[in-house]
Amino acid sequence: MRTCYTGQVCRDHLGQTVTLYGWVNRRRDHGGVIFIDLRDRTGLAQIVFDPDNAEAFGTAERLRNEFCISITGLVRLRPEGTANAELASGEVEVLCQQVEILNASVTPPFQLDDDNLSETTRLTHRVLDLRRPQMQHNLMLRYRVSIEVRKYLDQLGFIDIETPMLTKSTPEGARDYLVPSRVNAGYFFALPQSPQLFKQMLMVSGFDRYYQITKCFRDEDLRADRQPEFTQIDCETSFLNEVEIREIFEGMIRHVFKVVQDVDLPTPFPIMSWTEAMQRYGSDKPDLRVNLEFTDMTDVMRDVDFKVFASAATTAGSRVVALRVQGGGEMSRSEIDAYTQFVGIYGAKGLAYIKVNDVAKGREGLQSPIVKNLHDAALAELVKRTGAQNGDIIFFGADRAKVVNDAIGALRVKIGHSEFGKKAGLFSGGWKPLWVVDFPMFEYDEEENRYTAAHHPFTSPKDGHEDFLESDPGKAVAKAYDMVLNGWEIGGGSVRIHREEVQSKVFRALKIDAEEAREKFGFLLDALQYGAPPHGGIAFGLDRIITMMAGAESIRDVIAFPKTQRAQCLLTGAPSEVDEKQLRELHIRLRNVEVK
């Protein structure tokens, strides 16, 4: 029976006989003495095989990388000068008395310490990839975070309740993953995009504090921070307002960071309205580590001769912003061209700029092809508003507000994170949390000529905004809030609608008529009529949180068996074809299938 894990062997075990299990990480033959590094999920221990123990030594000669073995031996100090300070077990070694090969291994397709493996190779051989210390660290970190979340919520009276994985498809949100019903021919379940409706009905049922750590599913195009199946810390409460809800879950995140990583997050988290975030940063999830902000110049540029600025400044739904970069006047033409190409990804047609050489000289101290098209009053106001100093550069965005926000917002982050930005003090590092509140309830879809829910259609309007649901939905502000950390949205929630008549108004604003609302959400509308309490909640993306805490490059590095950006599992070959018999049982016939 194992006495301890390999990474736990230390001076405390000196003179003791231990039994260890694990995998051969490396084998070395030094002058007749064989050494192996034995590895398990806790770390390494050095095992010594002396030729005086002929049986154990003979077995050791057959060992190769990734053999699974057990050893029993005596813990002793390593010889003087051979200690390894990088290992927890680095002061000691185990003199093997007995060794058993539990299972041999074929030659692995790669060395576990190879840092240049392609992601395809790693995901295809995920079983071996997960043996790598960094991956084991990531999954242990994930486990520890989950444990601390549960401890925190349990202490506050939250109840872990499971909700269905097979549920009803609804028209709002991302594409559903559909599951055909064999018993009910022609009908389909959907895998849940979130437990949203079930947790609201749990509130109606009287379970006033609910949570679960659960899988959710969305059939959408993947990005670096997205997976078709992802894990959510899902929470809901009754009888609390949005401020009280934020306090509870801010406390949860602070607790997790302190206990797991010994990081003290600020108290309290700053709060910013959605409108302010978009005005200052062009993003509803601003990275506050970057010390750069927009300066709105729309009102100043209405009468300038530069048509790009004047047109944007006088067109509804457009804006002109300036981004002052301290010390950026030293940027080369090639660097500016690279940034111009970068903002083009976000729809910007160009990137105007002005270099500030000498503020005291006014127009003559400013360097740019566009200076001649801006009158003196506009230039003076630009310098005043931005606080520009000698040696700065000012970039501009002038277009539809969405293009400006996306392009210059991304430029802000790119410059801040660049080598230049860090040297110039434009990036402060650390952890910068933020609550973004007061989101619009609706976004207008030009193609469909209707409003869509900015979060989801069950979010409550702010007090005094209920009348806008019928008169002017675009003005309605929601009791919604997102928790943002270092430019990532790690959690989002809202106070929910708990009155049936208000929910029906929201459906009408979304052009969901009474018949469709009854068909899709009748169970919710009915539940709200039985004394539904005021309630609200939040959901956190566990995968995102772990990615940040681990400093991982991809969300796939913190999930045991992730999908690729084509939503495939390279380990198992999923998704895969199924045989005709299975399809017939499900009453499904395939047609016009394009093989990719």
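Glycine is no exception: its Cβ is also placed from the backbone N, Cα and C atoms.
For Glu172, Arg218, His455, Arg496, the entry in Swiss-Prot reads L-aspartate binding site. Annotation comment: Swiss-Prot describes Arg218, Asp219, Glu220, Gln227, Glu489, Gly541, Leu542, Asp543, Arg544 as ATP binding site. The region 'Aspartate' annotation in Swiss-Prot covers 196-199 and rests on sequence analysis. The feature site 'Important for tRNA non-discrimination' is assigned by Swiss-Prot to His30, Gly81.
Using Cα positions, the member of the recorded positions His30, Arg218, His455, Arg496 nearest to Glu489 (ATP binding site) is identified as His455.
According to DSSP, Leu542 (ATP binding site) is assigned to a helical segment. Panel annotation: around the region 'Aspartate' (196-199), residues 163-164, 167, 170, 210, 234, 236, 456, 458, 521, 523-524, 537 of the same chain, lying at least six beyond its termini, place a Cβ under 8 Å from a Cβ of the stretch. Listed recorded positions: His30, Arg218, His455, Arg496, Arg544. The one with the lowest count of other Cβ atoms within 10 Å of its Cβ is His30.
Taking H, G and I as helix, E and B as strand and the rest as coil, DSSP gives the region 'Aspartate' (196-199) the counts 4 helix, 0 strand, 0 coil.
Here the Cα atom of Arg496 (L-aspartate binding site) is found 24 Å from that of Arg544 (ATP binding site). Taking Cβ-Cβ distances under 8 Å and a sequence gap of 6 or more within the same chain, the neighbours of Leu542 (ATP binding site) are Arg142, Val145, Ser146, Ile213, Phe230, Thr231, Gln232, Ile233.
Closest in space to Gly81 (site 'Important for tRNA non-discrimination'), of the binding-site residues given as Arg218, Glu220, His455, Arg544, is Arg544, taking the CA atom of each residue.
Ranking the binding-site residues Glu220, Glu489 by how many Cβ atoms sit within 10 Å of each one's Cβ puts Glu489 at the top. Over the region 'Aspartate' (196-199) the predicted model carries a mean pLDDT of 97.
For the pair formed by Glu220 (ATP binding site) and His455 (L-aspartate binding site), distance between Cα atoms is given as 16 Å, rounded to the nearest Å. Summarising the ATP site geometry, the residues cited as binding it (Arg218, Asp219, Glu220, Gln227, Glu489, Gly541, Leu542, Asp543, Arg544) extend over a maximum Cα to Cα distance of 20 Å.
Among the binding-site residues listed here, namely Arg218, His455, Arg544, Arg544 has its C-alpha nearest to that of His30 (site 'Important for tRNA non-discrimination').
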